[in-house]
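Down below is the structure, laid out as structure tokens.
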Amino acid sequence: MGKIALQLKATLENITNLRPVGEDFRWYLKMKCGNCGEISDKWQYIRLMDSVALKGGRGSASMVQKCKLCARENSIEILSSTIKPYNAEDNENFKTIVEFECRGLEPVDFQPQAGFAAEGVESGTAFSDINLQEKDWTDYDEKAQESVGIYEVTHQFVKC
């Protein structure tokens, strides 16, 4: 199956360097079995800090899962070196923020939640624990004396 990139697109207001924080950041995904096409009905999360051994000593992955329909064992790995911030210059354009090594599991949907951080463009003010579940986030930058926000968060998956 190979590598699949998650691309983010958003409208940033006086904000830059939007990024997931820490190895415990939860990437909430819905997965599709590459063998039979079964799509999970529940959100599942994968984290950098999780490592599960693959059968037969073939390494490890962020998640290993047996398909409920065809019983095939599939896996997905977060490629830590590919995690990139979404910056002010990326505003309203799709940008790859992470890549996944997919072995039988294909992500088909993404639900951003809590755990993002960003900074004020002019002031550098740090904003932590940004929750994007509602696809919008607003706050006020005291240093710059201006409102800040992240709006219209959308995503797409592309094969690398």
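Cβ atoms here come from the backbone N, Cα and C positions, even for glycine.
According to Swiss-Prot, the features are:
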BINDING   Cys33, Cys36, Cys67, Cys70  Zn(2+) binding site
MOD_RES   Ser75  phosphoserine
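Distribution of Swiss-Prot features across the structure.
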residue : record              : DSSP class
Cys33   : Zn(2+) binding site : strand
Cys67   : Zn(2+) binding site : coil
Ser75   : phosphoserine       : strand
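In sequence order, Gly34, Asn35, Gly37, Glu38, Lys68, Leu69, Ala71, Arg72, Asn74 are the same-chain residues whose CB sits within 8 A of the CB centroid of Cys33, Cys36, Cys67, Cys70, the residues recorded for Zn(2+) being left out. Neighbour density around each Cβ, counted as other Cβ atoms within 10 Å, peaks among the binding-site residues Cys33, Cys36, Cys70 at Cys33.
In this structure, the C-alpha atom of Cys33 (Zn(2+) binding site) lies 10 angstrom from that of Ser75 (phosphoserine).
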